[in-house]
Amino acid sequence: MAAREESTQSANRVLRISQLDALELNKALEQLVWSQFTQCFHGFKPGLLARFEPEVKAFLWLFLWRFTIYSKNATVGQSVLNIQHKNDSSPNPVYQPPSKNQKLLYAVCTIGGRWLEERCYDLFRNRHLASFGKAKQCMNFVVGLLKLGELMNFLIFLQKGKFATLTERLLGIHSVFCKPQNMREVGFEYMNRELLWHGFAEFLIFLLPLINIQKLKAKLSSWCTLCTGAAGHDSTLGSSGKECALCGEWPTMPHTIGCEHVFCYYCVKSSFLFDIYFTCPKCGTEVHSVQPLKAGIQMSEVNAL
């Protein structure tokens, strides 16, 4: 029976990554709130909030604490991940929310601690008296001890997965799921579908360069021309040098390949370099040599186009 309860608790234990993600979400929310708040004073005198920045931040974080931890027993990041705080000092196995004193001490340790650190830094920054120097050394020593304690707590958290922050360990509160978590069934349908599509995409990437798209397009164009019966008009334009047999536009630097049709130099040269067995899409003549077109075209014909 005890082994079954232990396995159930381990199955419902909050993952370390979920607790760390909740902390990161809280930091992102604080940055977003502060950036949006400072945008409200964008048109005011520069440096207006600089003198009272620690107090303003403390007020905003206190406002967030009032409507998150104090009322809902969870931060915003924890609520997103279906996590909440639990009173670890309670012997009752049923969920017990943190007491009012624990919530108040949590606000004092987190909000008050950050405010005190920022305000003391501003206070000691421009003071050079001996008394202030000793107080600054004591403050730095205390901050160093707290940093060391946070490091040790983080190492213990990585090992045991409980108490993500030093404040939670000191106050005796830890993260639990809001609702009991069922055993998740692993399905591979999505993975199989993704592997199938990735394999198909790699096959297309390998196959498409082997297909002569331009030659295939020319074949289809010639078949469509035969089906629509417009070969006489196209041959007239091609033989008169007014239309490229590949792109269908006025030939730029017109060249021939040994038949009566005319090509742009870029069109015929690129097609020939891509396919040494390139043939004319209109009449099927093989390329013997690419020669400039030697023909006289009246300016009246050019203007008529």
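Every residue, even glycine, has its Cβ placed from backbone N, Cα and C.
Residues 49-74 are the range that Swiss-Prot records as transmembrane segment, among 49-74, 231-256. According to Swiss-Prot, R13 and C264 sit on opposite sides of the membrane. Remote same-chain partners of the transmembrane segment (99-125), defined as residues 6 or more beyond its termini with a Cβ less than 8 Å from a stretch Cβ, comprise 53-55, 57-58, 61-62, 65, 69-70, 87, 132, 135-136, 139, 143, 167, 170-173.
It is C247, among the binding-site residues C247, C259, C280, whose Cβ has the fewest other Cβ atoms within 10 Å in the structure shown.
Per-residue confidence over the zinc finger (244-284) averages 81 (mean pLDDT, predicted model). Listed in sequence order, C259, E260, H261 are the same-chain residues at least 6 apart in sequence whose CB falls under 8 Å from the CB of C283 (Zn(2+) 2 binding site). Remote same-chain residues near the transmembrane segment (49-74) are listed as 29-30, 33-34, 37-38, 41, 83-85, 97-98, 103, 106-107, 110-112, 114-115, 118-119, 122, 178 (criterion: CB distance under 8 Å, separation of at least six residues from the stretch ends). Counting only same-chain residues at least 6 apart in sequence, those with a Cβ under 8 Å from the Cβ of C267 (Zn(2+) 1 binding site) are C244, L246, C247.
Between the CA atoms of C264 (Zn(2+) 1 binding site) and C280 (Zn(2+) 2 binding site) there is a gap of 13 Å.
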